[in-house]
Structures are given as structure tokens and as C-alpha cells.
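All remarks here apply to the structure that follows.
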């Protein structure tokens with residue numbers, strides 16, 4: 001019975017060892033630097049062969065036989081770190097976007113970046129009245145010829161200035177002068193002046209009764225003893241039956257006449 005238990009325990013141990021998953025690099029076991037062209041690339045993981053890192057796109061490959069650790073990102077760029085047994089480590093970056101090599105302290109460093117298209121040595125600026133061209137031979141300015149004619153126009157005259165001098169042309173004014181007001185018009189011309197007054201309508205602003213009258217901003221009222229008139233300037237004029245006048249209002253003391 002005891003031997004059966006030992007056998008069962010051994011079988012379970014073998015199964016557990018076989019079922020233990022392969023460790024993957026999670027960033028806690030060493031540097032994980034990719035960088036930009038010219039910066040050090042150093043990758044280290046636990047697994048041998050190809051593996052992936054959770055949360056990081058691309059693929060890793062650890063090749064201890066070659067002493068290389070390779071990372072290829074999602075864009076196809078490859079970062080290689082070489083241990084170089086017996087010497088300093090080196091790294092290489094290559095891909096569609098850039099390339100760089102660092103062969104160690106004793107080696108030269110080269111960086112290759114896609115070359116930018118060569119710019120034209122010609123620089124051209126254009127304005128309405130001139131053009132400027134700058135190149136290897138210096139700069140060239142070309143000014144367009146301005147018109148010698150200057151023209152100014154007003155409602156009753158025009159002024160033209162050119163090579164021949166100044167020319168002013170005044171249009172003839174009408175001999176008729178016209179003034180119009182709500183209740184009248186006045187026309188003045190060669191034949192004299194004519195004034196025309198219009199009859200006020202029954203809907204005029206004036207209101208009048210037996211003992212009062214009001215129009216716009218003034219009004220008056222009266223009886224047998226006194227009459228009171230409110231003037232447009234805000235003053236009040238009072239006249240009694242004996243002809244005495246009192247003017248008051250607008251913050252001034254009453255004035256007796």
C-alpha cells in the first residue's frame with residue numbers, strides 16, 4: 001500500500017514538471033531597452049528561441065549559440081544585441097525606417113537615415129509689383145513697371161496725374177437747390193425761389209380743447225384766473241390774471257416778472 005502511494009506521488013511529480021509552462025520575459029529580469037537610432041539596444045530574456053512579451057508588440061528571439069538577442073517590432077525594424085564573448089557588446093538597428101551600427105568602443109559608428117531630396121538652389125518670391133530670385137549666382141530683383149497714371153475720382157470732380165501733368169475735370173453742378181421739411185419745400189434756382197407749404201392733417205400731433213393745448217413736448221392750460229405753459233426746455237411759465245409771470249423749473253429758483 002505504501003509502495004503504491006509512493007508510485008502515485010512520483011507520477012504526479014512528473015506530470016507537474018511536464019505541465020510547467022515555459023517562462024516568458026516580463027520586464028523584471030533585466031534591461032529592456034530599444035531606443036532610437038544611435039542609442040544602445042540591450043535585450044535580455046530567459047527563454048531560448050522565439051517568444052513574445054505581454055504588452056509589447058513584435059517578436060523576440062534569444063540565440064545563445066550565436067550570442068545574439070533579437071527584437072523585431074511591428075513595423076519590421078530589427079534590434080540586435082551581440083554579447084561578443086571576450087569583448088564589449090555591440091548592437092545593430094536596421095529596418096525600413098532607419099539603420100544604425102555600433103561595433104563597440106573600438107569600432108566606428110555609422111547611422112543611415114533616408115536621404116532627403118535635394119532642395120533646389122533657387123529661391124523665388126513674387127509680389128504684385130516685383131519678383132526676387134535667389135540662387136548660387138546671387139539674387140536678382142525684377143520690378144514691374146508701374147503705370148504713370150494716377151487717377152482720383154470724387155462725386156463732382158476727377159483728378160488725373162501723369163507724365164503730362166495734372167488734369168482736373170469738374171462736373172457741372174445743378175443750378176437747382178432744394179430743401180425739404182415735413183411741412184414745406186423750398187426750391188432755389190436761376191428763376192428765383194419757390195416755397196411750398198403743405199396743409200397739416202387732422203392727425204397732427206397738436207391736441208387742443210376748450211382750456212388746454214398740447215403739442216409734442218409742450219402743453220398749456222388756463223382758466224379765468226391763471227394760465228400755465230410747460231415749455232420744451234423743461235421750464236414752466238405761469239401767468240396770473242394781473243399779468244404777473246413766474247418762470248420755474250430745471251433746478252433753478254422761481255423768477256417773478
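Note that the numbers count up from 1, one per residue, in the order the chain is shown.
From the backbone N, Cα and C atoms, a Cβ is placed for every residue, glycine too.
On a predicted model such as this, the values are computed, not experimentally measured, just so you know.
Here Swiss-Prot flags 1-19 as signal peptide.
Taken from Swiss-Prot, the feature pyrrolidone carboxylic acid applies to 22 (among others).
Summarising the annotation, Swiss-Prot assigns region 'Disordered' to 95-122.
Under the heading N-linked glycosylation site, Swiss-Prot lists 97 (among others), citing sequence analysis as support.
Residue 122 (pyrrolidone carboxylic acid) falls outside any helix or strand according to DSSP and counts as coil. A 10 Å cutoff on Cβ-Cβ distances gives residue 122 (pyrrolidone carboxylic acid) a total of 10 other Cβ atoms nearby, all chains included. Marked as pyrrolidone carboxylic acid by Swiss-Prot on the basis of experimental evidence: 122 (among others).
What Swiss-Prot lists as pyrrolidone carboxylic acid is 149 (among others). Secondary structure at residue 149 (pyrrolidone carboxylic acid), as computed by DSSP, is coil. Around residue 149 (pyrrolidone carboxylic acid), a 10 Å sphere centred on its CB holds 10 further CB atoms from the protein chains shown.
Taken from Swiss-Prot, the feature pyrrolidone carboxylic acid covers 176 (among others). The Cβ of residue 176 (pyrrolidone carboxylic acid) lies under 8 Å from the Cβ of 187, 188, 189, each of these being in the same chain and 6 or more residues away along the sequence. In the three-state DSSP scheme, residue 176 (pyrrolidone carboxylic acid) falls into the coil class.
Counting every protein chain shown, 8 other Cβ atoms lie within 10 Å of the Cβ of residue 225 (N-linked glycosylation site). Per Swiss-Prot, the feature N-linked glycosylation site maps to 225 (among others); the stated evidence is sequence analysis.
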Residue pair residue 122 (pyrrolidone carboxylic acid), residue 225 (N-linked glycosylation site) - Cα distance, angstrom, rounded: 102
Residue 149 (pyrrolidone carboxylic acid) and residue 225 (N-linked glycosylation site), Cα-Cα, nearest whole angstrom: 80
